Amino acid sequence: MRTVVDYGAAIAFGVAYFVTKDFQKATWVLVAASAAALAIGYAVERRLAMLPLFFGGMALVFGTLGLIFGSDVFVKIKVTVINLALASFLVGGVLLKRQPLKVIMGEALHLPDAAWRTLTLRYGAYFAFVAIINEVVRNTQDTDTWVKFRLALLPVALVFVATQLPFMMKHMAKGDDAKAVEPPDAGF
């Protein structure tokens with residue numbers, strides 16, 4: 001269910017675009033699917049988790065701007081803005097001696113601070129890379145290619161996460177060595 005909420009709007013957008021070949025109609029689907037994903041997420045969890053709220057909110061804002069102005073630029077730059085924001089948040093947090101990824105994922109993982117720092121920098125670099133590549137594709141390719149690229153980012157993200165699993169497993173605290181992590185509630 002969580003995967004549907006997290007990726008459903010992007011997949012619905014891609015399907016709508018390739019069925020209709022109309023970016024505006026696909027943007028309507030993106031906006032509606034993003035709103036539905038937030039509603040489903042709230043209905044299931046009785047709260048809006050921070051990241052789905054961020055992604056859904058950005059899709060609603062940029063999708064709505066695209067519809068109002070009749071331009072595909074807003075939806076296309078959404079990928080850049082989101083990924084730059086995440087990269088800045090993560091890398092900036094490390095520079096300020098904070099552990100932003102630990103706050104977000106701390107309940108699920110118990111890692112030493114040095115491992116959190118490394119993992120945070122890796123995620124920050126990944127998000128910065130995606131933002132840069134999106135700008136290259138957005139500015140050099142046609143809309144069909146950009147939509148294919150956007151859909152390809154979904155499995156690429158899963159592969160990136162999978163490549164981090166060995167590092168996380170290696171550094172996970174075991175048994176009595178695990179510290180009880182009490183990050184702030186990420187829900188709203």
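Quick reminder: no glycine exception, Cβ is built from N, Cα and C everywhere.
The transmembrane segment feature in Swiss-Prot is assigned to 23-43, 49-69, 73-93, 116-133, 149-169.
Here the transmembrane segment (23-43) has long-range neighbours at 1, 4-6, 8-10, 12-17, 49, 52-53, 55-57, 59-60, 63-64, 66-67, 70, 72, 75, 143, 147, meaning same-chain residues at least 6 beyond its ends whose C-beta is under 8 angstroms from one of its own.
Sequence-distant contacts of the transmembrane segment (149-169), counting only residues of its own chain at least 6 positions beyond either end whose CB sits under 8 Å from a CB of the stretch, comprise 7, 10-11, 13-14, 79, 109, 111, 115, 118-119, 122-123, 126, 130, 133-134, 137, 141.
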